[in-house]
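Student: For reference, the structure I am asking about is given below.
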Ligand SMILES: *[C@@H]1O[C@H](CO)[C@@H](O)[C@H](O)[C@H]1NC(C)=O
């Protein structure tokens, strides 16, 4: 990358998804609807788990934390993207960019670790720590001249493209972090699912086995979508980085996963459904719902994934 001048960049421009006014209006409407749906679903899950004492156990704390994370980390990017779709000014200050990058990474990494270990506290600590490393290695590079980010928010691979210095070392660090933070969780989750599949084969009724299998498939699709898109962004040779295409991948772990998570993990769970019906019963006058037997959730990864699958009957 050739420096055009030696002045440091004081702000960046986020090009976003489109520059055509009509298209921008359409995207605004679609993204706004998606964002509102994300807020609604995830706060519903969060509130249900907070107010229903039957749901005060590790697996549901995991789901509540997941919903809280999904709201927070879409909120670090989507409202700004919506504003930029409506306005001609698409700039973000240098400091604003660092802050956005850091918060987004912290929450994103927390989510990556959370899926793998399901231990809430360690995920948050890990997320905020690793994000510091990531943001640090990216922002210690000089940025001068070029300041147009072909992306919808300040994300590491898109920013690195603009650095006016040798980025090889930084890219190696980003790659190694990707291996640790993406490959390890995927491996742990795969192992958990092998155990669950084996357990579901032992379910005596064919219908039960089939149901467990279909739930596993749904979870597995979500995990693939989330980690697959993130791996694609953070774990490959920099030469293959194409901003024009990559922002769509980023959109998957940013927005699509937050939209689908509650539907896949929480709202199919019979106790969460029970709590929902009960809440509606309190609000209106729906007949109260008979709850199924509630098993005590374990804190281990395999136990929790197991319960997440088996509790959906
Ligand atoms: C996350 O889980 C912990 C339990 O480990 C719980 O105390 C906390 O309230 C949860 N946080 C949110 C935001 O749901």
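Just so you know, glycine gets a Cβ as well, placed from its N, Cα and C.
Just so you know, TrEMBL annotations are computer predictions that nobody has curated.
Positions annotated as domain 'G-protein coupled receptors family 1 profile' by TrEMBL: 116-265. If you look up TrEMBL, you'll see 25-49, 61-86, 92-109, 172-200, 212-236, 248-267 marked as transmembrane segment.
Tell me about the setting of these features in this model.
Tutor: For the transmembrane segment (61-86), the list of distant contacts is 14, 16-18, 24-25, 27-28, 31-32, 35, 38-39, 41-43, 45-46, 49-50, 92, 100, 103-104, 107-108, 110-111, 114, 118, 120, 123, 152-153, 254-255, 257-258, 261-262, 265-266, 269, 272, 304: same-chain residues at least six beyond its ends, Cβ to Cβ under 8 Å.
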Student: Of the stretches 92-109, 212-236, 248-267, which racks up the most C-beta pairs under 8 Å with the transmembrane segment (25-49)?
Tutor: 248-267
Student: Over the span of the domain 'G-protein coupled receptors family 1 profile' (116-265), how high is the average pLDDT in this prediction?
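Tutor: Averaged over the domain 'G-protein coupled receptors family 1 profile' (116-265), per-residue pLDDT gives 87.
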Student: According to DSSP, how is the domain 'G-protein coupled receptors family 1 profile' (116-265) divided among helix, strand and coil residues?
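Tutor: For that range the per-state counts are 116 helix, 3 strand, 31 coil.
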